[in-house]
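One structure below.
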Amino acid sequence: MGLFILTLAVSLFFAFWNGFSDAANAIATIVATRVLKPGQAVMLSALGNFMGVLLGTAVAATIGQGIIDPNIISYKLILAALIGGLIFDVATWFWGLPISESHVLIGGLVGAGATAARSWSPVNLIGVWNKVIIPMVASPVISFSFTFLFIALIIRLFIRFSTVKINPYFRLLQIFSSFFFSVTHGSNDGQKVMGILTILLVQQGFLTHFQVPLWVIISVNLTIALGTLLGGWKIVKTMAKKITKLRPYQGFAAETGSAIVLAASSFMGFPVSTTHAISGSIMGVGATRANRAVSWGTARRIVLAWFLTIPASAFFAMVVYIILDKFI
């Protein structure tokens, strides 16, 4: 029972950290455009995340059953996956780099699973490729392209009007788009920890089949919302100010584009990255103005961190599993 409580606590802390660091994704654009003050934006995001977790469990099933063989799941494996992932996650947060919590968790599961089995055989390589790697590459590209075209359409429709006239309308619209993005963030990211906890409950005999219990949904929901309320301002600065400067109509387009990508991914059970989606959208906004409007140096640092996330998290999870194996 002691190990179960420890694993539950670490899982919920991971959910808290998800909300804490990923709050930046949900509020970066609305803070950058000064539509809402940071405190107001965080409250709106927390509410959206809270509602989003309740929308389904398709992503939870992918995490719980589609990454590694559920039969090798144990307390040690889950602890190693979460702690190893958190090591890399906290390090990149310290440097202000917005990485994917999804890929941190997936990398941790792959590394801990392979170490536990002393083989790569438990890792569902086809599932990881189809539901993780391909969406990882595709989501920022789709978000970039959609937002680029959406901005071009907005400019074409409103070219006759001055920004002074249209900004008040887009400021209002951006409140709705930011909330929509927060809901889709919760519907995708919130389910990942739910999947981990549920498969652990199944393997330890607390559940007879994979069905996310209500108490797991509520617990993860509340911890993500709490993390969102406390926020991660280092990453807000990178996302909102260092990639490109934003106006309300651009923030509205970026949030809408990335939210649509996230909503579609959640429906299909793809554990995609909210970070990748919103970053791609913000870059798409900048690209409509000119190449120089995007800080490609910052963008390159972010993309490098993306590609390092899964292997680095897997490595740290391997090390943590070896240490835990000696003491537990």
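Every residue gets a Cβ built from N, Cα and C, even glycine.
Feature annotations, reproduced from TrEMBL:
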| type | residues | note |
| --- | --- | --- |
| SIGNAL | 1-23 | signal peptide |
| TRANSMEM | 42-63 | transmembrane segment |
| TRANSMEM | 75-95 | transmembrane segment |
| TRANSMEM | 132-157 | transmembrane segment |
| TRANSMEM | 169-187 | transmembrane segment |
| TRANSMEM | 214-236 | transmembrane segment |
| TRANSMEM | 257-283 | transmembrane segment |
| TRANSMEM | 303-324 | transmembrane segment |
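Ranked by the number of CB pairs under 8 Å to the transmembrane segment (169-187), the listed stretches 42-63, 75-95, 257-283, 303-324 are led by 42-63. Sequence-distant contacts of the transmembrane segment (75-95), counting only residues of its own chain at least 6 positions beyond either end whose CB sits under 8 Å from a CB of the stretch, comprise 3-4, 6-7, 10-11, 13-14, 17, 21, 101, 104-105, 107-109, 111-113, 115-116, 196, 200, 204, 232, 234-235, 305, 309, 312-321, 324-325, 328. Outside the transmembrane segment (42-63), and at least 6 residues removed from its termini, the chain residues within Cβ reach (under 8 Å) are 19, 23, 26-27, 30, 36, 105-106, 109, 127, 131, 175, 178-192, 194-196, 198-199, 210, 212, 217, 220-222, 224-226, 228-229, 231, 265-271.
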